[in-house]
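Here's the structure we're looking at; comments come further down.
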Amino acid sequence: MQPFLIAPSILSADFARLGDDVDQVLAAGADVVHFDVMDNHYVPNLTFGPMLCQALRDYGIQAPIDVHLMVEPVDALVPQFAEAGASIISFHPEASRHVDRTLQLIKQHGCEAGVVLNPATPLSVLDYLMDKVDLILLMSVNPGFGGQSFIPATLQKLKQVRQLIDQSGRPIRLEVDGGVKTDNIAEIAAAGADMFVAGSAIFNSPSYRDTIDAMRAELAKVS
Ligand SMILES: O=C(CO)[C@@H](O)[C@H](O)COP(=O)(O)O
């Protein structure tokens, strides 16, 4: 297992002062900026695109930016996000007509490549991808909105994907997204996740540092 990474989702950040808010959450101990791109087509919500990613880089954000594309189609946005400073680009396989090609495209543009599985997406979509992905993101809510409750069946799915990753012998990150809180993060880590997206739990808390410290204290209990 790789070191645990905490990735606040800027979906719950203060958009009116985003650069400063992202700076603050990183200063409070976050590892990665999780960047939720929604198109009001693949998901019923609309957020932001490559210009905002570029704006964060121009503002001076140096942490990895983990772009989660909830868009359909996918490919046209890959070069744009790579040029805008994305570090990791993940997409939903059902939103790409040619999944293998999209993974190649992401890597050709110098980013790490991830696939995202919705709560009801079967693990069989990973069958011919384990040698190609750098990250697998399991959605623990249905994509589109922050502030939803963690779907408990994700724990079993995490255990199964952890086995697949261990069998692959590759350093694939296992990320979980949706309803991650201080009081469930240890259980989620114990099931096999090593990267934790948390939006409302961090950005809606009175102290980012206290919340991230509390999450790390919970993670320290997991061997
Ligand atoms: O991608 C998504 C939702 O589609 C997530 O990144 C959420 O934004 C996580 O929010 P919380 O459940 O942590 O509030």
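Using N, Cα and C of the backbone, Cβ positions are placed for all residues, glycine too.
Caution: TrEMBL annotation is automatic and unverified by curators.
According to TrEMBL, the protein carries these features:
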{"type": "ACT_SITE", "residues": "Asp36", "note": "active site, proton acceptor"}
{"type": "ACT_SITE", "residues": "Asp177", "note": "active site, proton donor"}
{"type": "BINDING", "residues": "Ser9, His68, Gly144, Phe145, Gly146, Gly147, Asp177, Gly178, Gly179, Gly199, Ser200", "note": "substrate binding site"}
{"type": "BINDING", "residues": "His34, Asp36, His68, Asp177", "note": "divalent metal cation binding site"}
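Around the Cβ of Ser9 (substrate binding site), the same chain contributes His34, Asp36, Gly146, Asp177, Val197, Ala198, Gly199, Phe203, each under 8 angstroms and 6 or more positions distant in sequence. For the residue listed as 'active site, proton donor', the Cβ neighbour count at a 10 Å cut-off comes to 27, with all displayed protein chains included. The distance from the Cα of Gly144 (substrate binding site) to the Cα of His68 (divalent metal cation binding site) comes to 11 Å.
Neighbour counts were taken at the CB atom with a 10 A radius for the binding-site residues Gly144, Gly146; the maximum falls on Gly146. DSSP assigns Gly179 (substrate binding site) to coil, not to a helix or a strand. Proximity of Gly179 (substrate binding site) to non-local residues of its own chain (separation of 6 or more, Cβ distance below 8 Å) is seen for Ser140, Val141, Gln148, Ser149, Phe150, Ile151, given in sequence order. Each residue in Ala7, Ser9, Leu11, Phe35, Asp66, Ser90, Leu137, Val197, Gly199 lies on the same chain as His34, Asp36, His68, Asp177 and has a C-beta within 8 Å of the C-beta centroid of that divalent metal cation site, without being one of the site residues.
Residue pair Ser200 (substrate binding site) / His68 (divalent metal cation binding site) shows a Cα separation of 17 Å. When other Cβ atoms within 10 Å of the Cβ of Ser200 (substrate binding site) are tallied across all protein chains shown, the result is 18. Here the Cβ of the residue listed as 'active site, proton acceptor' has 24 other Cβ atoms within 10 Å, regardless of which shown protein chain they belong to.
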